[in-house]
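Undergrad: The feature domain 'Aminoacyl-transfer RNA synthetases class-II family profile' is assigned by TrEMBL to 1-317. Residues or ranges marked as L-histidine binding site by TrEMBL: Glu84, Gly85, Thr86, Arg115, Gln129, Glu133, Arg260, Tyr264, Tyr265.
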Amino acid sequence: MGTIQALRGTRDILPEEVVYWQWVESVARDILSRSAYQEIRTPIFEATALFERGIGEATDIVGKEMYTFMSRGEDKYSITLRPEGTAGAVRSYIQNGMHAQGGVQRLWYTGPMFRYERPQAGRQRQFHQIGVEVLGSSDARADAEVIAIATDILQTLGLQNLRLDINSVGNPTDRQQYRQALIDYFTPYSSELDADSQTRLTRNPLRILDSKDKRTQEIAQNAPSILDYLGVDSKQHFDQVLQLLTDLGISYQLNPRLVRGLDYYTHTAFEIISDDLGAQATVCGGGRYDGLVAELGGPDTPAVGWAIGLERLTILLQKMQQAPKKTLDFYVVSRGEKAEAQALLLAQKLRRIGFSLELDLSGSAFKKQFARADKSGAVACLILGDEEAENQTVKLKWMATKEQQTLSQKDLLGKTDEWRRQIDMLKTQ
Ligand code: ATP
Ligand code: MG
């Protein structure tokens, strides 16, 4: 019998890689909480109808990517593993009466999402997103704020070669006219379009612009631009967003073919794209969805948000070898019965007063333990042998200089601030 492997399109995130994930999460958490965004955690599975209504039947996600199954038991109903986070967040917003609190709600979430796709680099069946939703504001500043926050997160992580593509998909009235223009444009080419786009021609022609088929993309190059179909209000909103981005020093590229082709998506649509990712280049996708809350049974509520794909982000960070700094203060080595027992005790006390450390449990020769101390990334090594155990002392060796000193365990535990200062100084070097 063979061993059981992780399923196609899923993967383990091993400890060496998890450090990148934790780094991204802590940077995002920090920036979001300083911007008054509150975390929300919604279930990983929801009623299938939520996504059918919330994402739209004519989309790839609902059409062919959802993991859907029947619940067990008597009252069978259809369940779907969430393919994205917005529908669940909006369901929760309505269900929990957050709209009744008035004002603007700023939410963020992170977690796994599930889509049945052909796995490749940066495209998996279980993948992860961090996302934000701002509910209750139609102000162009809300659009600009969410874009600025995404930019801040990516910049703080040190990412380069990113570009912001932006477009407006207008309001439903603008789109109605644009829709007809697209049908008129694409119909003569209909036999050359990919199969999906052919069915979209009547159902949702905007989505043809989103096709990944090469010939369809070529044809779409000369399609009419939505920007020529925006009404006065839509144009004004879009101009404001662009002006605010300019004021914020965020450069962008207009991309009239960037669409989120659903009825409840309105106005701003944007993507942050990396030149370093190959085919799966979009790191962040977002936009305004003024119609969604109402579509899901809530009151008319304007909203805007985005989602960042964490696999693609961590691939970029690893490519840049932009590793988070190691943070271990001490590596503790010991040998001999008494010393080993004391080392455990000392480690526990040091942890309790706020130091980070790794205790070597091997019991092997000092030489081997020192080699591991070197690899651990710790700032200093603490050494306990028979002599130290006897005298209640400890040897402290600074890893960078190999300088060594012997001090009483009491001094080590007592002069916390002094050690902290020295270690932090060395960490920043
Ligand atoms: P794509 O065009 O690449 O399929 P999408 O439009 O389906 O992307 P969104 O639904 O906008 O993607 O999701 C936001 C982000 O989540 C994407 O920009 C991407 O970074 C990430 N993402 C989406 N699907 C996957 C996946 N299957 N595997 C890994 N990351 C994904
Ligand atoms: Mg997709």
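Note that Cβ sites are derived from N, Cα and C of the backbone, with glycine treated the same way.
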Undergrad: Taking only same-chain residues 6+ apart in sequence, whose CB is under 8 Å from that of Arg260 (L-histidine binding site), what do you get?
TA: Val169, Ala269, Gly285, Gly287, Tyr289
Undergrad: Checking proximity to ligand 1 here: which binding-site residues out of Thr86, Gln129, Arg260, Tyr265 have their Cβ closer than 6 Å to it?
TA: Gln129
Undergrad: Return the average pLDDT for the domain 'Aminoacyl-transfer RNA synthetases class-II family profile' (1-317) as a whole number.
TA: 94
Undergrad: What number of additional C-beta atoms lies within 10 angstroms of the C-beta atom of Gln129 (L-histidine binding site)?
TA: 22
Undergrad: How many angstrom lie between the most widely spaced Cα atoms of the L-histidine binders Glu84, Gly85, Thr86, Arg115, Gln129, Glu133, Arg260, Tyr264, Tyr265?
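TA: The widest Cα-Cα gap among those binding residues is 22 Å.
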Undergrad: Tyr265 (L-histidine binding site) has how many other Cβ neighbours within 10 Å of its own Cβ?
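TA: If we count other Cβ atoms within 10 Å of Tyr265 (L-histidine binding site), we arrive at 22.
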Undergrad: With H, G and I counted as helix, E and B as strand and the rest as coil, say where DSSP puts Arg260 (L-histidine binding site).
TA: coil
Undergrad: Please list, in sequence order, the residues in the chain of Thr86 (L-histidine binding site) that are at least six apart in sequence and whose C-beta is under 8 Å away from its C-beta.
TA: Gly54, Gly131, Glu133, Tyr289, Leu292, Gly305, Ala307
Undergrad: Going by DSSP, give the three-state secondary structure for Thr86 (L-histidine binding site).
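TA: It is helical.
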